[in-house]
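Asks: Grabbed the feature section from TrEMBL, which reads as follows:
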- Asp35, Asp80, Asp232: Mg(2+) 3 binding site (BINDING)
- Asp35, Thr49, Asp80: Mg(2+) 4 binding site (BINDING)
- Thr50, Asp51, Asp130: Mg(2+) 1 binding site (BINDING)
- Asp51, Asp80: Mg(2+) 2 binding site (BINDING)
- Asp58, Glu278, Trp325: substrate binding site (BINDING)
- Gly129, Asp130, Arg155, Ser234: ATP binding site (BINDING)
- Asp235: Mg(2+) 5 binding site (BINDING)
- 33-145: domain 'PurM-like N-terminal' (DOMAIN)
Amino acid sequence: MDDATLADVGELEVLRRFLPLLPTGDATLVGPGDDAAVVRAPDGRFVVTTDTMLEGADLRLDWSSWHDLGWKAAASNLADIAAMGAVPTSLVVALAVPRATLVRDLERFAEGLADGIAAMAPGCGVVGGDLGTAERVTIAVTAFGDLRGADAVLRSGARAGDRVCAVGTLGMSATGLGRLLAASAEAGGTLEPGAAERLAADDATVRIHLAPTAPVAAGPALAAMGGTAMLDVSDGLALDAARVARASAARIALDGAAVDALAARLGVARDAVLHGGEDHALLVTLPPSIDLPTEVAGAPLTELGVVEAGEGVTLDGAPVEPRGWDPYRA
């Protein structure tokens, strides 16, 4: 039955094979099987976020394995929880796919979710969700997090004099996307099975695009260091920095030499660092009194600029267009 489809076996058999592959989570009191989950919230508050991935707009099945899709769905949501300074506790996953989808593909998706959680947020669990049918693959994940007594780090807290830093990589995912697009064009529009996997084996940028590893543990660590504002860079440095600037009523002044040094270290173009998204690095502002480490929770920290009085984002004093990923303009 390795080639069995969802239509062949039905929902109960799919769930029987799917659910045991998922982590239950340390904070879970009641997991899958009831109408809703029950999760501990000892802080008295919880942080919540949601994200969707749609075939054609956000994912391509000729590029991404089902394992990649599960990993990436976890990463995008875990990063948002981390950006608030919280520890991820649980995910709720809704997945709608064509009836002809193979059951083993959903098993690989569950394994990708589990592996991504284990790598980025051990102790987090999948506590529920929904399975449905659709003409195109649609993935919706809601994530919850625990502040553990700390204040949430918002986009609005940056103050003049704070240093602007990135934790993680920038521009790698966008570079990998460009290489996948080029390979697809050369192949006539669609990659043959296994081609993306072979590209990823030889190219870190392709690997990061298909299955990014967000610096989730760095979020609470940066909050504990005194981070004043923080954001998951999912849409590009320039665009996401502009969001912090707008929320904080301040200017983010980026240093061109620092941006170029980061681009050179990662082997990507300056434009990719400034405008490429989906690395899921954390953009954080830190008080000037802090001695900056080179790493936070195992992820590299790079100082990129300073917060100033004013508005918008500048690069060496010149305004930077807040250009990045916009689903309505893509």
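Quick reminder: no glycine exception, Cβ is built from N, Cα and C everywhere.
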Asks: Are any of Asp35, Thr50, Asp51, Asp58, Asp80, Glu278 (the binding-site residues) within 10 Å of Ser234 (ATP binding site) when you go C-alpha to C-alpha, and if so which?
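Replies: Within 10 Å Cα-Cα: Asp80, Glu278.
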Asks: What is the pLDDT of the domain 'PurM-like N-terminal' (33-145) when averaged and given as a whole number?
Replies: 98
Asks: So, by DSSP, how many helix, strand and coil residues make up the domain 'PurM-like N-terminal' (33-145)?
Replies: 36 helix, 42 strand, 35 coil
Asks: Where the distance is taken from Cα to Cα, which of the binding-site residues Asp35, Asp58, Gly129, Arg155, Asp235 turns out closest to Thr50 (Mg(2+) 1 binding site)?
Replies: Gly129
Asks: Helix, strand or coil for Asp235 (Mg(2+) 5 binding site)? Use DSSP.
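Replies: Once the DSSP labels are grouped into three classes, Asp235 (Mg(2+) 5 binding site) ends up as coil.
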Asks: Which binding-site residues (Asp35, Asp80, Asp130, Asp232, Asp235) fall within 10 Å of Glu278 (substrate binding site) by Cα distance?
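Replies: Of everything listed, what lies within 10 Å of Glu278 (substrate binding site) (Cα to Cα) is Asp232, Asp235.
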Asks: List, in sequence order, those binding-site residues among Asp80, Asp232, Asp235 whose Cα sits within 10 Å of the Cα of Thr49 (Mg(2+) 4 binding site).
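Replies: Cα within 10 Å of Thr49 (Mg(2+) 4 binding site): Asp80.
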